[in-house]
Amino acid sequence: MTNMTQASATEKKGAGDLLRFKIFGMPLPLYAFALITLLLSHFYNAIPTDLVGGFALMFVMGAIFGEIGKRLPIFNKYIGGAPVMIFLVAAYFVYAGIFTQKEIDAISNVMDKSNFLNLFIAVLITGAILSVNRKLLLKSLLGYIPTILAGIVGASLFGIVIGLCFGIPVDRIMMLYVLPIMGGGNGAGAVPLSEIYHSVTGRSREEYYSTAIAILTIANIFAIIFAALLDMIGKKYTWLSGEGELVRKASFKTEDDEKAGQITHRETAVGMVLSTTCFLLAYVVAKKILPSIGGVSIHYFAWMVLIVAALNASGLCSPEIKAGAKRLSDFFSKQLLWVLMVGVGVCYTDLQEIIDALTFANVVIAAIIVVGAVVGAAIGGWLIGFYPIESSITAGLCMANRGGSGDLEVLSACNRMNLISYAQISSRLGGGIVLVIASIVFSMMV
């Protein structure tokens, strides 16, 4: 009887632990209700293709695969953990035909038609920049562009060396490998690069783009992996890392900002107002007022970084409003990131492109170029007054990934979402710098 009683108690304890297990903060029975609802919707192919249907699908799917990615050994340390697991599984669901067309449409409407990605990035930029000491922000922005240039130089040198080892000429390495990888992603990088290539050389833009996007896809994977590795290095060698802070304050001495008082929901709502209005102003500037400078188009997120920085420097925002914007930014980055990554996997990740690009030479060359970007940005950042880990992530890896969605993948892999403003400078302003370099390189080939 004693043994039976103990066995019964053990079974009850096991059942109790299972019922208390939480997925995305929800007890297992409650999550099971949400999952069963989603499966019914999938079985009957009945899902509204609007924000409600899209968010329901993205929340439920992101929750389960986020928990798996967070707990999976090796993957959670070296590959990027939950966010990377989510977008890879979501991309596979599209590739394998598991998602119905209605489900793809629902997610696409959230990401593309409603452009949730723009809102997500706008909120993170506003919160990240307004939370930084005003004087420190201005000094760091002035030093950041040279750090980006150091990353480009590092990527070019490493790329040329490894290219020569494979018997590839210098001009071809720069044209087909270094520039696409460091060019700011797909829409702001590979696409305009192919147009510049066509207009300068007269050759096929399609031929250039197909090669460029394949190389960029491989580099983006390495950027995510290296981000996770850099996070581990920073934890072991703490003097190399600012734990999410880019600037070494010993190098940029400033007075502390005034402390915020009590923060209410209203200040958080004001953070949303500032995020959307600053984005709107940046969009107007980029599309109508100053669509290009010296023939180079500047992306609206690059303008937004400058606008929010100017707003911070102006002193118009009280400490409470700044804290409200930071609270909103934290909510998006901590509670909605898994949701967003489902959309990234469905809308911005093509597994077939990744598979097609996996040749030995392409993999090795792309990896070495990304390493060069990391080394160059780390050295340049250290000399200017930044932490090497953070400068190599933002000015190195966020130059070598695939733009806005790549920034989120890289920063989530190394747990540094608060660096999104610098990542956007890399993807947008840095990408513009690469387009200027491309115009020169391509013209030398004619």
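Residue numbers in this text run from 1 along the chain shown.
Just so you know, glycine gets a Cβ as well, placed from its N, Cα and C.
Per Swiss-Prot, these features apply:
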- Ile181, Gly183, Met399, Asn401: Na(+) binding site (BINDING)
- Asn186, Gly187, Arg402, Gly404, Ser405, Arg428: citrate binding site (BINDING)
- 23-43: transmembrane segment (TRANSMEM)
- 46-66: transmembrane segment (TRANSMEM)
- 79-99: transmembrane segment (TRANSMEM)
- 110-130: transmembrane segment (TRANSMEM)
- 148-168: transmembrane segment (TRANSMEM)
- 213-233: transmembrane segment (TRANSMEM)
- 267-287: transmembrane segment (TRANSMEM)
- 289-309: transmembrane segment (TRANSMEM)
- 335-355: transmembrane segment (TRANSMEM)
- 364-384: transmembrane segment (TRANSMEM)
- 425-445: transmembrane segment (TRANSMEM)
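What Swiss-Prot annotates, mapped onto the structure for a quick look.
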residue : record               : CB count, 10 Å
Ile181  : Na(+) binding site   : 30
Gly183  : Na(+) binding site   : 29
Met399  : Na(+) binding site   : 35
Asn401  : Na(+) binding site   : 33
Arg402  : citrate binding site : 30
Gly404  : citrate binding site : 27
Ser405  : citrate binding site : 26
Arg428  : citrate binding site : 25
For the transmembrane segment (364-384), which partner among 23-43, 46-66, 148-168, 213-233 gives the most CB pairs under 8 Å?
148-168
Using DSSP with the three-state reduction, classify Ile181 (Na(+) binding site) as helix, strand or coil.
helix
Among 23-43, 110-130, 213-233, 289-309, 335-355, which stretch has the most Cβ pairs under 8 Å to the transmembrane segment (425-445)?
289-309
Using DSSP reduced to three states, classify Asn401 (Na(+) binding site) as helix, strand or coil.
coil
For Ile181 (Na(+) binding site), which of the binding-site residues Arg402, Gly404, Arg428 has the nearest Cα in space?
Arg402
Ser405 (citrate binding site) to Met399 (Na(+) binding site): how many Å between their Cα atoms?
12
So, does the transmembrane segment (110-130) come close enough to the transmembrane segment (267-287) to give 3+ Cβ pairs below 8 Å, pairs being at least 6 apart in sequence?
yes
Contact yes or no, the transmembrane segment (79-99) and the transmembrane segment (335-355), 3+ Cβ pairs under 8 Å, gap 6+:
yes
Separation of alpha carbons, Arg428 (citrate binding site) and Asn401 (Na(+) binding site) (Å):
12
